[in-house]
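What follows is one structure encoded as structure tokens, with my remarks underneath.
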Amino acid sequence: MKVQFVPHLKRMFEIAQEAIKGPALVEETGEVNVKGDRSIGMDVRIEELLIGYIKRNNLPVTIFSEEQGLINFHSNPEFMVAFDPLDGSTNYKIGKGLLPFGLLVAFYEGVNPKLKNVIASGAIEYTRDLAWFFDGERTMDQNGKAVILNSNWPIQQSTPVYLDLYYKDGYNFYAPLAQQIFVRNTGSTIGNLSYVLSNVAAGMGGVCMRAEEIGAVYSLIKGAKGLVLDHEGKDLGEVDFNPDTTYPILAGSKNIVEFCLSKITE
């Protein structure tokens, strides 16, 4: 079955935006998601809306979402969709509209795909009203303009690279990059990704990116002619999508990713 997923992505983003513009839902629900995190109201609300949209349109997919995990509803699924309904939920909760948070979605061909099998993906960052889409070949902004990563970033102390430092392991692992490049962090994958796709950052990384996020990040960076590697220097596209796994990642401008890799593997 040939399905054009980008129009569905855009509608899903509109639905999520409408929810974000409504009453703030920042209180914990008392539920714990499949990753062991405590859910807040907006996490659950957006997930319910997106799952409802997918089911109403009978999209032939198996669903993987941060809050509920794997959901099998279609009698003959041909694709997988993975999404994080509210990436940067702490930024949403405490940021007063200043800190980045958003939605990451990836559609994969097949129900047991590799990361390179993303056929459509998208990311929306709500605080700045920015969005990007991958159509299977290239990455575009919300106006349909192709996104190409800057390939001329200098290797110097002021070149910004956004690394996920939520976990102590991240601080320890990326310590060799201190004072080599400008290590920064937005507190969310969508924030770090948005800066790379906007060409105000040279790269991004993390020691354990989650399965619901990795496909969107991989495809959007690759579709913008960037490089996406694991911490051993291998292209992440050859890795299987696995809901129970996390992924070490360095992504962005080729020369910066290769430089960062060389330092952390010395």
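Start at 1 and count along the chain as shown; that gives each residue its number.
Cβ atoms here come from the backbone N, Cα and C positions, even for glycine.
What TrEMBL says about this one:
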{"type": "BINDING", "residues": "Glu66, Asp84, Leu86, Asp87", "note": "Mg(2+) binding site"}
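A coil conformation is recorded for Glu66 (Mg(2+) binding site) in the three-state DSSP classification, outside any helix or strand. Here the binding-site residues are Glu66, Asp87, and the one whose Cβ sees the fewest other Cβ atoms within 10 Å is Glu66.
With a 10 A radius on its CB, Leu86 (Mg(2+) binding site) counts 32 other CB atoms from all the protein chains. Cβ proximity to the Mg(2+) site centre (mean Cβ of Glu66, Asp84, Leu86, Asp87, cutoff 8 Å) flags the following additional same-chain residues: Asp43, Phe83, Pro85, Gly88, Ser89, Leu103, Leu104, Glu212, Glu213. Neighbour count (other Cβ atoms within 10 Å of the Cβ, all protein chains): 28 for Asp84 (Mg(2+) binding site).
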